[in-house]
Amino acid sequence: MATDELASKLSRRLQMEGEGGGEAPEQPGLNGAAAAAAAAGAPDETAEALGSADEELSAKLLRRADLNQGIGEPQSPSRRVFNPYTEFKEFSRKQIKDMEKMFKEYDAGRDGFIDLMELKLMMEKLGAPQTHLGLKNMIKEVDEDFDSKLSFREFLLIFRKAAAGELQEDSGLHVLARLSEIDVSTEGVKGAKSFFEAKVQAMNVSSRFEEEIKAEQEERKKQAEEMKQRKAAFKELQSTFK
């Protein structure tokens, strides 16, 4: 870092001057590079700037130590990076992509969240307008980090609860899931009668995901081939006019 390099140079200069005379008095309120700068006769502005940098670095190191020891503020679920395909295994890739498309459609602010006003517009477009209190209750039911808005992960929780039958039929979230036209029927391992049935169902889910990925790859190849053919046809058409 530039600060460390400057501090090292100033310390060497101070040491050389100290050999020829008395020690420079320590400046109150300064430490590290700032103290070295002040002792070497650097301008007050330089010493203060270095002191501020030292304090900022110390604060960051203390913050990191607190987090490592579990003292600091925990990271909220909505800010945590997650993989929807592994965390919400009860849904197919197509279902999750449909939910993501719907989420982005109503995330008017493009900030990765659906706030109260955006949820209000969503419910109105779905033909089921809600009261202000009703909207707040909808968010509250899945708001894990208490920030009064829906992250994509919390949005997926709505459909998880709907698929598991955990939503009251007259609740706003149940209405949202029903009117979204996203089929949330699942083929997961819930309700398996035995361990072996659960294993078989888990294997089926895994193979289903592989099939969906292969289908997506084939679709992309098909689109690329069609694009290639269109470009070739266009070039051939151009050549006829030359």
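The chain as shown is numbered from 1 upward.
Note that Cβ sites are derived from N, Cα and C of the backbone, with glycine treated the same way.
When the ranges 1-53, 160-212 are checked against Swiss-Prot, the one recorded as region 'Disordered' is 1-53. Cross-referencing GLU100, GLU118 with the Ca(2+) 1 binding residues that Swiss-Prot gives (ASP107, ASP111) picks out GLU118.
Residue density at GLU118 (Ca(2+) 1 binding site): 17 other Cβ atoms are found within 10 A of its Cβ, drawing on all protein chains shown.
The Cβ neighbour count for LYS149 (Ca(2+) 2 binding site), using a 10 Å radius and every protein chain shown, is 19. Its Cβ taken as reference, LYS235 (N6-acetyllysine) is surrounded by 9 other Cβ atoms within 10 Å in the chains shown. Its Cβ placed at the centre, GLU154 (Ca(2+) 2 binding site) has 21 other Cβ atoms within 10 Å. ASP107 (Ca(2+) 1 binding site) sits 21 Å from TYR85 (phosphotyrosine), taking the C-alpha atoms as the reference points.
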